[in-house]
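Q: Please find one structure pasted underneath; my questions will follow.
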Amino acid sequence: MTGAESLVVEVEASRRILGDGFAGAVRFGELLAEHGEERGLIGPREVPRLWLRHIVNSAAVARWLPDAGSVADVGTGAGLPGVVLALMRPDLDVHLVEPMERRVAWLSELRDELDLDNVTLHQVQAQELHGKLKVQAVTARAVAPLGKLARWTLPLLSRRGVLLAQKGARAQAELDEAAVDLRDFAVDTASVHDVDLLGDGETTRVVEVRLR
């Protein structure tokens, strides 16, 4: 397969994965590639692999999102995965939770640029929303060890709500280590899923913690 053919396959696969959010995700990627490094959102080495590693990869949790309702993306940073999910699912109310002012300023500009009417910004730590916000799902990508993340996020979930955490190679080990923390909550199931978005054997691990 030539380089051009490979690119076509990659684009078509991305379009299939992102669905109606594809065009907005392309624009998001352009903005992040142009401004992300100077604004301290991504490192210089991330720019060449931004599209697949960060933008498309954000869709790994999409299949477990609720059919309706609201989602909170905790520690969203540059908007990953929250902005991508908001683009893919305009029917959901997406709450982007980020304590750093400069990142929230970026997210506010992004919301306007991408016409994300379904996005609400919260410049707080997740713990500050306990008792104030209830959602059907929480997403998190490279935020904290699972035990700590569970204590921050599970109080935000409504009944039968789900935490979807994108993790690395230690996903199962983190889940095992978090057993003590999870006992304090009404957890129904907790499992690790290997997600191969592009069908190329490269997997992303998603930890799913669902409440009763």
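Cβ from N, Cα, C; glycine included.
These came from Swiss-Prot, pasted as-is:
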BINDING   Gly75, Leu80, Ala126, Gln127, Arg141  S-adenosyl-L-methionine binding site
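In the displayed structure, how are the listed features positioned relative to their neighbours?
A: The Cβ neighbour count for Arg141 (S-adenosyl-L-methionine binding site), using a 10 Å radius over every protein chain in view, is 23.
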Q: For Gly75 (S-adenosyl-L-methionine binding site), what is the secondary structure state per DSSP, taken as helix, strand or coil?
A: coil
Q: State the three-class DSSP label for Gln127 (S-adenosyl-L-methionine binding site), counting H, G and I as helix, E and B as strand, and everything else as coil.
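A: For Gln127 (S-adenosyl-L-methionine binding site) - judged by DSSP and reduced to three states - the answer is helix.
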Q: Max CA to CA distance in Å over the S-adenosyl-L-methionine-binding set Gly75, Leu80, Ala126, Gln127, Arg141?
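A: It comes out at 19 Å between the most distant Cα atoms.
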